[in-house]
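Read through the structure below, which is laid out as structure tokens, and then see the notes.
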Amino acid sequence: MEYSLCTHSLFIFSASFCIMLRLAVFCFLLYTLLVASSAQSDSNQPVIQLRLAGEKKKHYEGRVEVFYNGEWGTVCDDDFSIYAAQVVCRELGFTGAESWSPSAKYGKGEGRIWLDNVHCTGSEKSLAHCESNGFGVSDCKHSEDVGVVCSSKRIPGFKFIRNQGLTVQVEEVRIRATYSHRKRIPITEGFLEVKDGGKWRQICNEDWNQKNSRVICGMQGFPGEKRFNTRPYKLLASRRKKNYWGFSINCTGNEADLSDCKLGREIEQKGNSTCGKGMPVVVSCVPGRVFAPSVSIGFRKAYRVEQPLVRLRGGAMIGEGRVEVLKNGEWGTVCDDNWNIRAATVVCRELGFGSAKEALTGARMGQGIGPVHMNEVECSGFEKSLTECYFNPNSLGCSHEEDAAVKCNVPAMGFHNRLRLSGGRNPYEGRVEVLGERNGSLVWGTVCSDSWGTMEAMVVCRQLGLGFASNAFQETWYWQGDSSADPVVMSGVRCSGTELTLEQCLHHGKHVACPKGGGRFAAGVSCTMTAPDLVLNAQVVEQTTYLEDRPMYALQCAHEERCLSGSADKADPSSYRRLLRFSSQIHNNGQSDFRPRASPQSWVWHDCHRHYHSMEVFTHYDLMSLNGTKVAEGHKASFCLEDTYCDEGIQKRYECANFGAQGITVGCWDTYRHDIDCQWIDITDVKPGDYILQVKRLLWLSGFIRYWCQTGTFETVPVLKRCSNRCLKNGEHKLCPKTSHV
């Protein structure tokens, strides 16, 4: 008999295939941000050019490099300050600096160290105007090269001095849809326009290629580009007044941002004759499975979670999270050694998003559990999956403190414009108000709070870009919203948690039915950008599962807490119950501690077991047939949530002794041993055979639901095989029951 492990979670992707690995050639590309400075003063100060280079994660950060006397060189970190960083960033066209880094954080440069002991007041127009030892006078090594992180915002109307071979610098990039497509969400096709000098301009398509389009689509949140019908665009272009940008663009296709592409030839401006052999560039993109184009008001369908080999975990927003890969049926993490924007972009495109905005290191999206499957990952940028990239299988020693993560570009859907929070003390809380149809027009109104819960609140917070739901409120009399929005316009809302908008959830549609009415009973939420993430350690369940026949007289307290099946109510006290027992170990891999919602004053005392329940049901245990029918069930109350063990270096904060505080610290885990009451399923009435054991732990604060399931007979202790969302029986795949709804 074979057994398997299956895992599901809301709006997180899973997989159903074994990982196939192959080596890919890796070429390291030095990303540079390069502009020319207008640093020439009446005092005959030298003219320099600046760029940001090195092992960058974003186009607005990197090692500071100076072009002087025909040669590129670096700047020493001695006496460098945030004021000098401000001068550098403004000279590069950014509004300011966020921070600076010493000791070659972005890698060691080459060539001369042009500047040392730089002193700036912050008001200088160029780094060349700051006091220093003089150009080329330095006692530093390249291990002291300085780097900066600039604000991502551009100076409006900033004029770059451009030379062929430099990188592209514009203020904004957009795809401008034709009139017939502007009501479609997202905008996937249209004329490409760049904002330069405060004005939107088109690009001549004479030198344009498919690789350039791929980069643009990635920036706009789409995984790839596609062909389109040029005829209607030629007709439109002939009728429109054109304002061409002065350069062509050369991209390799693997850049994460247009700012990483090189400037091509200069386009001679000839009025209406500019780009005489071509027309303005048109870009057409393929949306990922999550974002199907539709008319804005008619966008209803929630996406279906498919099963790739890579998934994201722990992120507050869609398109971000810790990177996990499936290998030999087991999910594991990726070490951040060599992790860069190119590998992150492969992950993002694989999952149906655009290119990566950021490649995160140091477990910024929480620590995973289980093995670290990949280390020293190197991608060319054109792989279809992260599993096709080269990695070092012999490189060991990475801990989960080094788990890699990503933030991906996602399409501008505009969903936040159809929902708002009103009356809260801060932008993260308030009464939920939606833009709904009433008497043939769109008006703002409230949501009926009947059946309103955390799943619905999760969708609201995600739709508004506010992260996780920390609370769902069924009374909001203390939040006075706009009185014109008091009428209820949406009722009967039931969400599974995968929806991108509240409209995608089940609801009553145009026929609103709310017995209590709106007013004080309108739905409300509070959101948070950080949340706990409870993950069940499936291996512990595998190692501790066994059967026990226990006499009824020894189960009186468990019977009182309804931990036995219904037939136990009429059972003879001398009879036995057959129990499927196992331990459960729950890890907090999130970014904040887990605490029971109820205050200690409202905890329930159980006299028989002599303990409090901080949550009446903390875990559901379901035994299901292979066709998904539930045949037995159990549950576990949280009588003691505490830090049983913690990762190295993390201090325990919660201990149940002497009625102490209950909870699970980030990086710690709580264990319910197999030998305590109710840590079982009563299978006395279940016939021998193959079944699915499903463990569900509900974490209301973060909205994550972790499922674990196994199949097998319960005549003997199971020996388990791991898989994804499919369970194996006699070598054949059997679909596990759907577990996306509570």
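Heads up, the Cβ atoms here are built off N, Cα and C, so glycines get one too.
In TrEMBL, Cys89 is paired through a disulphide bond with Cys150, chosen from Cys18, Cys27, Cys150.
Across 50-151, 175-286, 419-528, stretch 175-286 shows the highest tally of CB pairs under 8 A with the domain 'SRCR' (310-409). Ranked by Cα separation from Cys379 (disulfide bond), the disulfide-bonded residues Cys261, Cys495, Cys505 are led by Cys261. Here the disulfide-bonded residues are Cys89, Cys130, Cys505, and the one ringed by the most other CB atoms within 10 angstroms is Cys89.
For the disulfide-bonded residues Cys140, Cys251, Cys261, Cys495, counting C-beta atoms within 10 A of each C-beta gives the highest total at Cys495. In this view, Cys379 (disulfide bond) is surrounded by 25 other Cβ atoms within 10 Å of its Cβ, with every protein chain counted.
Here the C-alpha separation of Cys140 (disulfide bond) and Cys389 (disulfide bond) works out to 37 Å. Counting only residues at least six positions away in the same chain, the Cβ atoms of Ser81, Tyr83, Ala84, Gln86, Val87, Leu127, Cys130, Glu131 sit under 8 Å from the Cβ of Cys120 (disulfide bond). You'll find the Cα of Cys251 (disulfide bond) roughly 23 Å from the Cα of Cys150 (disulfide bond). Of Cys76, Cys89, Cys150, Cys261, Cys389, all annotated as disulfide-bonded residues, the residue with the shortest Cα distance to Cys495 (disulfide bond) is Cys389.
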